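Lifted from Swiss-Prot, the feature list:
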- G52, K53, P54, L55, D56, T74, S75, A76, S77, S83: NAD(+) binding site (BINDING)
- D79, D131, H215: substrate binding site (BINDING)
- D131, H211, H231: Zn(2+) binding site (BINDING)
Amino acid sequence: MTRAVAEDLASSLEPDYRILHVLTTGGLEDLMDAIKTARKSEVDLLIGVGGGKPLDITKILAAELGVRYVVVPTSASHDGIASPSVSFTLSREIEERFGRVIRVEAPTAILADTTIINRASPITFKSGFGDLVAKITAVRDWELAYKLRDEPYSEYAASMSLLSAKIAMDHAHEIRTRLEESTRILVKALIGSGVAMSIAGSSRPASGSEHMFSHALDILSSEAGVKPAPHGIQVAIGTIMMAYLQGQDWKMIKEKLIEAGVPTTAEEAGISPDMIVKALTIAHKIRERYTILGSSGLTLSAAEKLARVTGVIK
């Protein structure tokens, strides 16, 4: 579907603009080739069409070329649509491979056609909902870092991030139906989360211990040679457990996730119980970000107890 959308968009622009097509799988070699091709062609504006990886590639290309970019999302699976950041995994790969961090900007414009987005796989909607609910624990982690580590904190950005989560949770049942109006609600909330990150100047309003848990799962999945669960699904499961540690109403969060059709157990998400527990024990090491996990993290027994008491594993 993504390619068809991109081709339709290019056809509508070609009478007035010179179009350079760049198709990429999202690998680092493809990224470097795309940068070289774009530089030779004196590109003025980039248009990213697709889900998470194509939009991340567009952001990096725009940063490297020093040009503006527009995004055309074809799914509502994550809050990176409007954010001034790329996925943690891709950012880490680039830093390890090239020894530097690429700073990206938020898009100049977002063209989100809900008719197109509504055709995406049902799991993308569940993933997007899970990514939004995660703001509840992310903001609490941010508040904790502000109080204990004097980390910069924006009440405005935090409030906007929590509002995005609230909007999604208030419409959990409608979002599960995937009617076009509910898709519009989900997309607006995801964009709102991205704007909150732009205001804060970091991903703090949207990413805390629950995302670190998800990143840990990504690493363990890669090491085991298995495909990880969708980002928002992993984050949703992490949110349930981190909310428990934070003393928040984790049962209400779990109920809303279930109402939206989001997997809330390791079995439903296709993740092994052992991997869930292992990810909990290493999540605090994933990045330099203070959260409810503290600097020492969870012991193996504490991690297993947490996963069991919240019903994530049996």
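Backbone N, Cα and C atoms are what each Cβ position is placed from, and that goes for glycine too.
Within 10 Å of D79 (substrate binding site), counting CA to CA, the binding-site residues G52, P54, D56, H211 contribute G52. Counting in whole angstrom, D131 (substrate binding site) lies 13 from G52 (NAD(+) binding site) by their C-alpha atoms. When the Cα of P54 (NAD(+) binding site) is compared against those of the binding-site residues H211, H215, H231, the shortest separation belongs to H231. S77 (NAD(+) binding site) sits 8 Å from H231 (Zn(2+) binding site), taking the CA atoms of both as reference points. Counting Cβ atoms from all protein chains shown, S77 (NAD(+) binding site) has 28 others lying within 10 Å of its own Cβ. If you compare Cα positions, H215 (substrate binding site) sits closest to H231 out of the binding-site residues G52, D56, S75, H231. A 10 Å cutoff on Cβ-Cβ distances gives S75 (NAD(+) binding site) a total of 24 other Cβ atoms nearby, all chains included.
Comparing S75 (NAD(+) binding site) with H211 (Zn(2+) binding site), their Cα atoms are 20 Å apart once rounded. A sphere of 10 angstroms centred on the C-beta of P54 (NAD(+) binding site) encloses 22 other C-beta atoms. Straight-line distance linking the Cα atoms of D56 (NAD(+) binding site) and H211 (Zn(2+) binding site), rounded to a whole number, equals 17 Å.
The Cβ of H231 (Zn(2+) binding site) lies under 8 Å from the Cβ of G52, S77, H78, S87, S127, D131, S214, each of which sits 6+ residues away along the same chain. D79 (substrate binding site) is surrounded by 31 other CB atoms, counting those within 10 A of its CB over all protein chains shown.
With the fewest other Cβ atoms inside 10 Å of its Cβ, the least crowded of the binding-site residues H211, H215 in this structure is H215.
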